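Chemist: I'd like to ask some things about the structure below.
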2 protein chains.
Amino acid sequence: MSKDCKAPIGVFDSGVGGLTVAREIMRNLPGEDIVYFGDTARVPYGSKSKATVLRYSRQIVRFLKTQQVKAIVIACNTASAYALEDIRKEIEIPIIGVIQPGAKVACETTANGRIGVIGTKATISSGIYTSFMRRQKPDVQVVGKPCPLFVPLVEEGWIKDPITVEVAKRYLEELLQYDIDTLILGCTHYPLLRSTIREIVGEKVTLVNPAYETAIELRELLEREGLSNPAKGKEHPNHCFYVSDAAEDFRNFANSILPYDIEMTQQINIEEY
Amino acid sequence: MSKDCKAPIGVFDSGVGGLTVAREIMRNLPGEDIVYFGDTARVPYGSKSKATVLRYSRQIVRFLKTQQVKAIVIACNTASAYALEDIRKEIEIPIIGVIQPGAKVACETTANGRIGVIGTKATISSGIYTSFMRRQKPDVQVVGKPCPLFVPLVEEGWIKDPITVEVAKRYLEELLQYDIDTLILGCTHYPLLRSTIREIVGEKVTLVNPAYETAIELRELLEREGLSNPAKGKEHPNHCFYVSDAAEDFRNFANSILPYDIEMTQQINIEEY
């Protein structure tokens with residue numbers, strides 16, 4: 001067993017959305033410590049270019065390495081789309097994103113071979129979900145749809161709201177015309193709108209939450225590499241939260257979606273890394 | 001006449017919104033050259049802290065000074081609220097923001113002394129419109145309301161749209177209960193929603209657009225300081241556009257709202273300043 005196995009897992013996102021991934025890691029790998037970083041000073045990534053998202057992601061990876069993490073999860077679809085491939089070549093520790101696990105499960109799930117993907121403009125226009133799925137299942141048909149208003153609606157707290165239902169209808173009805181039977185929630189905020197989305201797409205469409213699939217892939221990866229923490233299910237795993245701005249707002253949002261209240265969030269200047 | 005009078009005016013914003021201010025400067029000071037900077041790599045500012053917005057604004061001012069600007073306009077309500085006062089003490093050239101001009105005109109306009117202000121979370125929670133107006137008109141009553149969905153709705157292009165009308169109703173009906181007769185559009189994107197806002201608030205409420213008032217204040221300032229460009233109304237003023245990300249997207253948006261098509265937008269790494 002490697003001496004690294006007691007080290008924490010680094011998880012990062014452009015802001016609060018990645019907490020839905022952290023939450024699944026806490027549920028499914030209860031013995032693991034986590035260092036979470038949310039880039040709240042530069043959020044959102046979804047409307048920005050590949051070069052910028054890659055530069056930001058590299059800075060965050062440098063910060064996480066100062067925290068001696070044993071593995072990194074990019075808990076952000078946009079950063080997974082734009083930065084994972086490059087960064088994987090540059091570092092020695094294992095790193096995974098949220099896209100491949102979601103794409104894999106969607107391919108296994110679909111019966112009619114028609115899969116919808118919703119996400120930020122950047123994630124959808126990168127075409128990365130499509131290329132992962134085509135590699136696994138060449139005849140799959142993928143329809144992507146950017147839903148840029150979903151994140152601000154969630155952050156406004158209008159989760160179950162007639163306006164959110166109208167916006168979701170506008171975005172999703174177009175997808176439904178393609179007779180999809182599987183829909184990937186390709187942005188970490190979207191699982192928070194799951195029940196609204198479910199209402200519109202109906203029971204026949206399977207919703208894939210990449211956050212859950214990523215936690216499962218992380219567990220398998222740690223086991224394969226001999227990096228799992230032996231103290232499985234310990235009572236008080238150590239979860240640290242860092243942000244680049246507005247720690248208090250982050251803490252409030254985190255406490256509304258995590259299974260326990262976090263006590264401290266520390267602000268760092270990410271541009272220095 | 002100062003030798004600086006032929007120098008350009010620096011105008012900056014967190015992104016594209018400040019173009020509504022640049023547009024008013026072009027209309028009202030047609031002889032002036034402009035260097036515009038949009039911080040598209042770190043947009044939006046409206047949900048970020050004072051310390052972060054001040055740090056970003058200082059970097060931009062350092063960049064604009066390398067362009068030998070003779071004066072600076074902070075064409076962003078959030079940055080005007082959080083950074084103007086500090087930066088004014090740190091530089092030698094004149095600098096103005098969009099808040100004071102809008103606040104001044106609102107005080108002159110109101111008949112019943114009840115003024116509404118809409119803007120980002122940061123602008124509203126700073127309370128800066130209220131404190132400017134109280135200084136000028138101590139008995140004024142000010143009601144502020146953050147409207148965080150307006151910017152993403154404009155950027156989605158849903159300018160005249162039933163969903164935008166519903167969102168605007170939700171935000172504005174609360175304000176109307178206070179019997180306001182004047183409403184400040186306290187975010188540079190909001191003038192683009194003017195007709196939707198007008199429909200909801202009715203004809204009895206005067207809408208104040210700080211972009212226009214800022215251009216007028218800038219003209220007076222340049223005249224007072226002997227900095228006006230003598231080549232008034234020249235046919236081809238020089239307007240340069242810089243951004244920190246996604247120059248192409250910026251250019252498309254700019255071309256949809258400026259009176260002429262801009263040809264070149266240059267991307268710079270603002271973190272280096």
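Backbone N, Cα and C define each Cβ position, glycine as well.
Positions annotated as active site, proton donor/acceptor by TrEMBL: B:Cys76, B:Cys187. Among the features that TrEMBL reports, substrate binding site is placed at B:Asp13, B:Ser14, B:Tyr45, B:Gly46, B:Asn77, B:Thr78, B:Thr188, B:His189.
What's the neighbourhood like for each of these?
Modeler: The DSSP secondary structure for B:Cys76 (active site, proton donor/acceptor) is coil.
A coil conformation is recorded for B:Cys187 (active site, proton donor/acceptor) in the three-state DSSP classification, outside any helix or strand. Its Cβ taken as reference, B:Cys187 (active site, proton donor/acceptor) is surrounded by 30 other Cβ atoms within 10 Å in the chains shown.
B:Asp13 (substrate binding site) has a Cβ environment of 29 other Cβ atoms inside 10 Å.
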Chemist: Compute all pairwise C-alpha distances among B:Asp13, B:Ser14, B:Tyr45, B:Gly46, B:Asn77, B:Thr78, B:Thr188, B:His189, the residues listed as binding substrate, and give the largest one in whole angstrom.
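Modeler: Output for substrate binders B:Asp13, B:Ser14, B:Tyr45, B:Gly46, B:Asn77, B:Thr78, B:Thr188, B:His189: max Cα distance 13 Å.
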Chemist: Distance between B:Ser14 (substrate binding site) and B:Cys76 (active site, proton donor/acceptor) at the Cα atoms, whole Å?
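Modeler: B:Ser14 (substrate binding site) and B:Cys76 (active site, proton donor/acceptor) have their Cα atoms 7 Å apart.
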Chemist: Looking only at C-alpha atoms, tell me how far B:Thr188 (substrate binding site) is from B:Cys76 (active site, proton donor/acceptor), rounded to the nearest Å.
Modeler: 6
Chemist: State the count of C-beta atoms found within 10 angstroms of the C-beta of B:Thr78 (substrate binding site), not counting that atom itself.
Modeler: 31
Chemist: Whole-number Å distance between the CA of B:Gly46 (substrate binding site) and the CA of B:Cys187 (active site, proton donor/acceptor)?
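Modeler: Given the Cα positions, B:Gly46 (substrate binding site) is 9 Å from B:Cys187 (active site, proton donor/acceptor).
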Chemist: Distance between B:Cys76 (active site, proton donor/acceptor) and B:Cys187 (active site, proton donor/acceptor) at the Cα atoms, whole Å?
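Modeler: Their Cα atoms are separated by 7 Å.
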Chemist: Could you state the whole-number distance in Å separating the C-alpha atoms of B:Thr78 (substrate binding site) and B:Cys187 (active site, proton donor/acceptor)?
Modeler: 8
Chemist: Let me know the DSSP-derived helix, strand or coil state of B:Asp13 (substrate binding site), please.
Modeler: strand
